[in-house]
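Novice: The domain 'FAD-binding' annotation in TrEMBL covers 7-174, 303-334. Taken from TrEMBL, the feature NADPH binding site covers R43. TrEMBL lists D50, R113, D306 with the feature FAD binding site.
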Amino acid sequence: MLILNKQIAIVGGGPGGLTLARLLQMNGANVKVFERDINRNARVQGSPLDMHKQSGLKALIRAGLLETFKKHYRVGADRKTIVNENANVLFTTPLIQASNDFNDENFHPEIDRGTLRDLLLQSLEPDTVVWNSQFISMIKQKSGWLLHFGNGKTFYADIVIAADGANSKIRPYITDTKPVYSGITMIEGHVHDAKNTLPNIHALINDGALLAFGNERNLFMGLKSDGDLTFYTSFKATENWYSNAGLDYNNSSEMLNWFRKDYITWSKIWYPLFENAATPFVPRPIYCMPPDHTWKSLPNLTMLGDAAHVMPPSAGEGANMAMLDAVELCDCLSKEGHPDLQTAIAIFEQNMQRRASEMARVSLANGEWMHSPGSLDKMLAMFGAA
Ligand SMILES: Cc1cc2nc3c(=O)[nH]c(=O)nc-3n(C[C@H](O)[C@H](O)[C@H](O)COP(=O)(O)OP(=O)(O)OC[C@H]3O[C@@H](n4cnc5c(N)ncnc54)[C@H](O)[C@@H]3O)c2cc1C
């Protein structure tokens with residue numbers, strides 16, 4: 001096996017990095033995950049993720065975690081309700097579609113990001129994750145790399161895998177290509193205890209996800225298992241709009257004023273989202289790696305997930321792709337048949353590039369029409385509800 005007696009460093013403990021760590025450990029590899037978060041509870045984890053049969057769920061099955069996942073996913077949370085800007089319900093996924101049949105291609109069970117992270121963390125050998133380890137730089141040493149972290153520590157690894165997300169600090173060691181702004185900006189907000197704080201909106205959500213369309217703008221929201229709600233405004237804007245708009249993301253009433261003016265045709269029913277949101281709001285300009293980008297494979301360094309192919313969330317595929325990357329990279333590194341590490345990494349990267357570029361194109365196209373005139377009708381048609 002190519003990775004026998006090799007020290008592997010995965011940088012980033014998101015869905016991609018942790019899935020890979022689990023799969024590699026199942027194959028007897030020496031793995032450490034370096035994560036910049038101070039500990040597992042350091043950050044509020046955002047909107048829930050839906051897992052797809054051919055990617056996220058496939059990875060969980062390979063990781064031996066499907067039964068644990070079944071205990072923790074949010075039953076019924078895959079239900080989608082589509083409304084217009086006045087909150088008139090135009091479509092709700094029939095319950096039969098929101099089934100719990102793991103053999104059904106169209107069943108996309110939802111799980112809280114934090115729960116998924118915990119589930120993966122618990123599957124790892126003790127002390128696999130080294131918290132409070134922000135990757136800063138690395139230099140070539142022997143046949144591998146010496147990594148430097150913000151806490152002053154260093155670590156030698158024979159193989160480094162970048163799983164450090166959209167703003168990867170390792171990507172520049174592999175390619176000069178950078179993500180390109182997609183033209184869409186989102187603003188993320190959180191409301192605690194949505195059932196009591198926002199009874200009207202909570203009722204609309206129907207325990208699933210709510211998608212609202214109007215005036216070339218969108219509003220998406222979903223509940224987490226602790227009853228908190230995460231919402232996203234989503235609209236076309238210039239790349240630096242979020243800093244040039246002069247908004248104070250710590251000020252709820254200022255954010256409400258912005259929403260009233262920018263979502264001018266939208267009903268007042270949405271205002272309580274802003275009135276009750278915990279601050280700060282998080283602006284998220286959405287980026288995409290150029291779909292056709294490739295790079296020359298290296299013998300001891302590769303990347304996966306958002307680090308390799310960040311894409312807009314409009315196809316709901318990013319975390320699923322990251323987890324499938326982990327399956328395919330583990331296969332390439334651990335199965336017999338490849339003459340050397342560089343070949344194994346090259347085969348993994350070519351497949352990932354092909355698969356991710358198709359998905360990135362779909363995501364970009366979805367992002368475009370979802371913020372164009374007629375988006376509501378198109379979304380309804382997609383759900384067969386025109
Ligand atoms: C609004 C929104 C909704 C989305 N909805 C969905 C969905 O429904 N389904 C779906 O599949 N995808 C969805 N996505 C995409 C998904 O969130 C990402 O594609 C996925 O999280 C990528 O996983 P990853 O492991 O590659 O990276 P990440 O999840 O970004 O994890 C990277 C990890 O690396 C750590 N890190 C970063 N820099 C460093 C450093 N220098 N040193 C050490 N550690 C570092 C971070 O703290 C983090 O833990 C959505 C994205 C957004 C923005």
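Keep in mind that glycine also has a Cβ here, set from the backbone N, Cα and C atoms.
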Novice: What does the DSSP secondary structure composition of the domain 'FAD-binding' (303-334) look like, as residue counts for helix, strand and coil?
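Specialist: Per-class counts: 24 helix, 1 strand, 7 coil.
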Novice: For D306 (FAD binding site) and the residue listed as 'NADPH binding site', what Cα-Cα distance in Å is obtained after rounding to a whole number?
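Specialist: Distance (Cα to Cα, whole Å): 18 Å.
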Novice: Given the binding-site residues R43, R113, D306, return the subset with CB under 6 A from an atom of ligand 1, ordered by sequence, or none if empty.
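Specialist: D306, in sequence order.
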Novice: Through the lens of DSSP with three states only, how would you label D50 (FAD binding site)?
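Specialist: Strand, per DSSP.
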Novice: Sort out for me which one of R43, R113 has the most neighbouring CB atoms within 10 A, since those are the binding-site residues we care about.
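Specialist: Max Cβ neighbours within 10 Å, all protein chains included: R113.
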Novice: Mind giving me a neighbour count for D306 (FAD binding site)? Other Cβ atoms within 10 Å of its Cβ, every protein chain shown.
Specialist: 28
Novice: With the FAD site defined by the record as D50, R113, D306, how many Å span the farthest pair of C-alpha atoms?
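Specialist: Taking every pair of listed residues, the largest Cα separation comes to 16 Å.
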Novice: Report the same-chain neighbours of D50 (FAD binding site): residues 6+ apart in sequence with Cβ closer than 8 Å to its Cβ, ordered by sequence.
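Specialist: Once residues fewer than 6 apart are set aside, D50 (FAD binding site) is near G56, D78, H108, P109, E110, G316.
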Novice: In angstrom units, rounded to an integer, how far apart are the Cα atoms of the residue listed as 'NADPH binding site' and R113 (FAD binding site)?
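Specialist: So the alpha carbons of the residue listed as 'NADPH binding site' and R113 (FAD binding site) sit roughly 11 Å from each other.
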Novice: For R113 (FAD binding site), what is the secondary structure state per DSSP, taken as helix, strand or coil?
Specialist: helix
Novice: If you average pLDDT over the domain 'FAD-binding' (7-174), what do you get?
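Specialist: Here the predicted model's pLDDT, averaged over the domain 'FAD-binding' (7-174), is 93.
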